[in-house]
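Participant: According to TrEMBL, the domain 'Mur ligase N-terminal catalytic' annotation covers 28-88. Taken from TrEMBL, the feature domain 'Mur ligase central' applies to 112-298. Per TrEMBL, the feature ATP binding site maps to GLY114, SER115, ASN116, GLY117, LYS118, THR119, THR120. Residues annotated as domain 'Mur ligase C-terminal' in TrEMBL: 321-443.
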Amino acid sequence: MPAFTLEDLKNYTGCEIMKQNQTTFGDVSTDTRSIRPGMIFLAIKGENFDGHNFLDKAVANGAAGVILADKSKVTKIQNENITILYVKDTLKAYLDIAGGWRSRFSLPVLAITGSNGKTTTKDLTAAILAERYKVLKTQKNFNSEIGMALTLLSLRPEHEVAVIEMGMRGLGQIKTLAGIAKPDIGIVLNVGNTHIELLGSQENIAKAKGELVEAIKADGLVILNADNKYTAAMAVKTKARIVTFGIDNKADITAENIRMLDSNKTVFTCKEAGQSVELTIPLMGKHNVYDALAAVAAGRAMHIDWSMIKHGLANFTSSGMRFEILRLKDYTIINDAYNASPLSTKAAIENLTILPAKRRIFVFGDMKELGAIAQQAHEEVGRFCAAHKIDILITFGALADCAAIAAKCSGIRFVQSCKSHEEIAMLLKTILKKGDAVLFKGSHSMQMEKIIELLEK
Ligand code: ATP
Ligand code: MG
């Protein structure tokens, strides 16, 4: 378990000591429920909760110290034996402490960013590296500042490599995360439209993702997607060695002869420096091959041999709701409801067309955070459905309704806009026929998976 002295905390965060009692502490936590005797409670103000309102709970659970950013709340701490530290920004302090802890280890750290596929690539990379090393990886989708601090504070002496997912919600964020994690290897998967509302343009998104490339030192490694013009252009941002992966363009690591098997598997021939290896991933579609190629590039850089790569990829288990194929009665249900962006929605539609099915039905919920391009992006999805011969389009949400109109104008005969999960479930129950395949996709907040639950009842 991490252990910090008062001196460490002062050095890492520059905190002001408001009250000094205990001078040695265990781990740091932002959640009073995980506070154990001797730990430090760090009060973070989030969207829904303010940690400063739980100081008494932290103390009751045995916290030896608290770090806070609101001096007025000190009176809430009744226990005389607590060390109280003040910082201006507790989130920054959390990252600084995590960075301090990370600096005590000399293992290689891999960081992964991109608009789509970060979690999948993180898990694929960890699966490959676990064939040879003891791996620490970001749990679930914990890719924010808090998530990364949590991950780094989980570093233990037995770990031999760390795989970190880095999310991005604005310029400067990846720079901050990378400044703390100090990655040796940086992977940028792609630059799409996700978060365009926050960043204004795709160029700005590329700039923000490019911060990871800029953070890799000259003796490190940068892994870039050669098929995405924005990531390909990032090569100039670093002095580090660059390895590229791609399918359509020339790259160091490529995939050919990509075949989808209906049992939710994709097989491809992976080529690197004259070597050719047949690889299988338990995932559907070309977009996941990109994620696998990035993971292979990381594996090769970490000296994993091909037989281990093959084994690691084959045994990878995906996090749920990412093109998860389920059989329900006589129908194929595809749960891709984890999230949706224009890039990942088109990838999912392409995959749907490959699946063997009598009719292909797409149940589409709004794609959020697209700002000014929202309407146009949804209309494009509608036309994309028509061009890919989707038989039935059912939409949910005001934006997805724009896709419905565009799909109708482009020739899809059966298009229906619905107002609730229940209405969609009812509609599906009346129209579904043996052999149909139904894809569910929309932004996280649209909770498209709820419709599947209703169907299962
Ligand atoms: P988040 O930003 O929510 O953390 P993420 O970048 O971690 O997302 P995943 O969770 O791996 O991405 O996948 C999210 C969605 O993107 C899934 O629907 C998946 O099918 C799709 N996807 C995965 N990889 C790619 C890719 N390389 N290109 C386009 N879409 C992809
Ligand atoms: Mg993720």
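Glycine too: its Cβ is placed from the backbone N, Cα and C atoms.
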Participant: For the binding-site residues ASN116, THR119, THR120, which Cβ has the most other Cβ atoms within 10 Å, all shown protein chains included?
Facilitator: THR120
Participant: DSSP on the domain 'Mur ligase C-terminal' (321-443): how many residues come out helix, how many strand, how many coil?
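Facilitator: In the domain 'Mur ligase C-terminal' (321-443), the DSSP-based counts are 53 helix, 31 strand, 39 coil.
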Participant: If the criterion is a C-beta within less than 6 angstroms of any ligand 2 atom, which of the binding-site residues GLY114, ASN116, LYS118, THR119, THR120 pass it? List them in sequence order.
Facilitator: LYS118, THR119
Participant: So around the ATP site, GLY114, SER115, ASN116, GLY117, LYS118, THR119, THR120 aside, which residues have their CB within 8 A of the centroid of those CB atoms?
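Facilitator: Nearby residues not in the site list: ILE112, THR121, LEU189, ASN190, ASP291.
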Participant: Select the most exposed residue of GLY114, GLY117, where exposure means the fewest other Cβ atoms within 10 Å, treating these as the binding-site residues.
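Facilitator: Lowest Cβ count within 10 Å among the binding-site residues (GLY114, GLY117) is GLY117.
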Participant: If you count Cβ atoms within 10 Å of the Cβ of LYS118 (ATP binding site), leaving out that atom itself, what do you get?
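Facilitator: The answer is 26 other Cβ atoms.
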Participant: Across all chains shown, how many C-beta atoms besides its own are within 10 angstroms of the C-beta of SER115 (ATP binding site)?
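Facilitator: SER115 (ATP binding site) is surrounded by 26 other Cβ atoms within 10 Å.
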Participant: Helix, strand, coil: count each for the residues of the domain 'Mur ligase N-terminal catalytic' (28-88), based on DSSP.
Facilitator: 19 helix, 15 strand, 27 coil
